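Please find one structure pasted underneath; my questions will follow.
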Amino acid sequence: MRQDIHPKYSEITVTCSCGNSFSTRSTAGKDFHIEVCSACHPFYTGKQKLLDTAGRVDKFRQRYNLKS
């Protein structure tokens, strides 16, 4: 087998917008910032929460004259 053909697999820190952070390993080589993690995602927390990305829900409601 050929040597040195695989990317480097290093430890990175993933930080969520809720403030939660954890360490994992990745070939990306830099830290990640994510919007939703298992600590704040409605499926894992059991709380109903509307996740609006870039105002898309508001644009939809405005287009069809729906109340919030």
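Using N, Cα and C of the backbone, Cβ positions are placed for all residues, glycine too.
Feature table excerpt (Swiss-Prot):
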- Cys16, Cys18, Cys37, Cys40: Zn(2+) binding site (BINDING)
Can you check what DSSP calls Cys40 (Zn(2+) binding site), collapsed to helix, strand or coil?
coil
Note the Cβ centroid of Cys16, Cys18, Cys37, Cys40, the recorded Zn(2+) site, then list each other residue of that chain whose Cβ lies within 8 Å of it, in sequence.
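Going along the sequence, the neighbours come out as Ser17, Gly19, Asn20, Ile34, Glu35, Val36, Ser38, Ala39, His41.
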State the count of C-beta atoms found within 10 angstroms of the C-beta of Cys37 (Zn(2+) binding site), not counting that atom itself.
17
Among the binding-site residues Cys16, Cys18, Cys40, whose Cβ has the fewest other Cβ atoms within 10 Å?
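Least crowded of the binding-site residues Cys16, Cys18, Cys40, by Cβ count within 10 Å, is Cys18.
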According to DSSP, which of helix, strand or coil covers Cys16 (Zn(2+) binding site)?
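For Cys16 (Zn(2+) binding site) - judged by DSSP and reduced to three states - the answer is strand.
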